[in-house]
């Protein structure tokens, strides 16, 4: 039996694999521009979402269709599926393995994707597991940086907002750890700063970083400002949430202090943490970033399906 | 950049365009009879429904599949999507423009489709925006009249029921305003009669109409009786709703007073306002009308996708 | 007009038809192994689920895609569709007949599938109607037995659990009634034993059966142990439910008393009525059974669509 290729976490990819993936994503841009192709006609993707995430789900489904494949799935398995009747995740995955060729999974619990991969008969792609990881988001973030600057080495990257519960900044940090001379600024109120396990990982890899709660002091010297949403549902209490929210707003004033070649990223959706006046600024790269999600996911699907043939 | 073709409201189409669309819908009947074709293989439609409307959504999805295309979407974005996390409609549309080739949208607010079209990178089709418009329903209604009578000019058309909150009668009125010697009867209790802005539009176009609350007096002299459902959720209070509902029932008795060549239409679903005994009457055209929705939507998708190539 | 082929209940199939269906399912295994085919490209299936059943729905959708077809549908029509606006099932079916080539339907009421078939313009497949029937589950159960033993004649088959409200055991009993020298053991607490109408049917067909509440006494002598879930929602009261639940657990200890050539089946999802330690036992056939659902459903779709061409 052939080894399956799963996409479970950002740490699994080393630099060569990242570069190969970015190459593949670049090629997918041409595939889309040409109207898609039919390479996976007859192949089926399952989108198994235990919590709703319309954007991520539609991005994966679009990616599969652009490659000629079909999609089955559920928008909100947590509410609707037999999960509510007490079935284990493992049983669900075993059975869906018989119905499809790749499973894209969103779950509410850390480690759910790994548990799924252990019993799956087809590749599993982690589309977010609770406060754990969201590797495909981090990969598209890194791909965007690569496209915008032509390199990742040597860049100064600030991550702003909820760095404790925001899983995309964890996954992105792991990916950046593969590059040279990267400097990361973690900008957050103390109560939602970057977790110690992320810092330990960066220490092991010899990546420089600093923690601060002062966005204004840093904004002028970074290449990438990665803004994130403060998600109420990730906080243990309303008090903790209120301390963190609304503190860091990217607006025209802040943009005026950023470098001319810098960019602003955001995993989206945004609430009010980037004002709409910024959208017209060429340094506002977050909508370009969103489209890159399609190409990265096409590349990942291709890797999973090509690898299991 | 090429101009995108959006379907936003019934007023946007003039007579020539309507006739062209009806020609296209007629051709689509043959396409379906032949088992569909593959002209939009590889193209993707997004169905973005902020409120559930299973019939309308499935009609659009069937139309896209009959033309060989794929569909991604969400059944109930209002409940599930990142909308609940505070994202603006504009941001959602910007991103979905990167995932698909046409967006079919149902929203709860008047004007939502126009707002979407303003930022969309692909054509937008309005599948109903609150108490605003529902142009594709009105187009299939008009197409049905054209098919049943061979013409629209010179016909007497009664619209019955909730004419204030029922958006399909507004859109249909705008379309009928393109034709000659049409006479419209608005039959409703005073509290839900046709709004003044619709009447003003008809006045400008020189279309004759009359308002009455007496269905029996009019039934015998009309060619088309367009019955509608009284939707509780469109009324500001239970009292207003109760005054309007259940007042106009199309049953065998009423049919006996209608002309031999007349027809009964209904946008469906019906509650009790047309009794089942009427179904077998050849003048009951509402199920034929429902199938026409498929052909009209195929024609509209074709216009949107053909126009943006 | 050609006669439509509907799949409504397990009683509709006689032995020859069952064998033909099993042959077709066997052929579908090869189709899937070869990556599917495109025989129903352009054809559309509607999955109309008034209650959620993710597994069953995805199994049908996968089956349709493996044959090249498209799918439209709704996950939870009971909650979302115009049903809540008072539309009859009959009206829904009439209209969906215009949008698709076959309708797979799950409903909460006994007899709903038959009502649907009466007005449908396309084949209807019953994917479960309340406490009524679930014929496609029973067909895949029977197909699994046939595959595992090479025959059904002469086998001893125990059905365990909730035999009153568990519709799959009713449908399976009707199918087994087509075979020779079958012996059925109904193992359940008295309050949820097999209903009298099922027993009457077996009596008419001359099928032997016995009722008992003692699983241990029977386990060693059966070829097939068909375990089922006790579904809380099917019971009229919590007291009745608690009397029935948790009484019959298939675990390693029970397996040790079963025959070496016997198998354990389960329609899945399971809650705790088969312990995970049993999964590795080669006699645990329930995951093989689940995959068979795909092949049987492909065969049924093929029969419906081939028959209506």
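One-based numbering along the chain as shown.
Glycine is no exception: its Cβ is also placed from the backbone N, Cα and C atoms.
TrEMBL does not curate its annotations; it predicts them automatically.
Record features, source TrEMBL:
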BINDING   C:55, C:56, C:106, C:134, C:137, C:268, C:269  carbamoyl phosphate binding site
BINDING   C:85, C:167, C:229  L-aspartate binding site
DOMAIN    C:6-146  domain 'Aspartate/ornithine carbamoyltransferase carbamoyl-P binding'
DOMAIN    C:153-302  domain 'Aspartate/ornithine carbamoyltransferase Asp/Orn-binding'
Tally of DSSP helical, extended and coil residues in the domain 'Aspartate/ornithine carbamoyltransferase Asp/Orn-binding' (C:153-302): 64 helix, 25 strand, 61 coil
Rounded Cα-Cα span from residue C:167 (L-aspartate binding site) to residue C:134 (carbamoyl phosphate binding site), Å: 6
Averaged pLDDT, computed only over the residues in the domain 'Aspartate/ornithine carbamoyltransferase carbamoyl-P binding' (C:6-146): 92
Local backbone state of residue C:56 (carbamoyl phosphate binding site), from DSSP in three classes: helix
All-chain count of other Cβ atoms within 10 Å of residue C:134 (carbamoyl phosphate binding site): 27
Tertiary neighbours of residue C:268 (carbamoyl phosphate binding site) (same chain, Cβ under 8 Å, six or more apart): C:55, C:286, C:289, C:290
DSSP-assigned states of the domain 'Aspartate/ornithine carbamoyltransferase carbamoyl-P binding' (C:6-146) in counts, ordered helix, strand, coil: 71 helix, 24 strand, 46 coil
Set of same-chain residues at least 6 away whose C-beta sits under 8 angstroms from residue C:56 (carbamoyl phosphate binding site): C:106, C:127, C:128, C:136, C:137
Short-range binding-site residues relative to chain A, from C:55, C:56, C:134, C:268, C:269, with Cβ separation under 8 Å: C:55, C:268, C:269
Distance, residue C:269 (carbamoyl phosphate binding site) to residue C:167 (L-aspartate binding site) (CA atoms, angstrom): 14
Rounded Cα-Cα span from residue C:229 (L-aspartate binding site) to residue C:269 (carbamoyl phosphate binding site), Å: 8
Neighbouring C-beta atoms (10 Å sphere around the C-beta of residue C:229 (L-aspartate binding site)): 24
Residue with minimal Cβ packing [other Cβ atoms within 10 Å] among the binding-site residues C:55, C:106, C:167: C:55
Cβ-based isolation winner (fewest other Cβ atoms within 10 Å) among the binding-site residues C:137, C:269: C:269
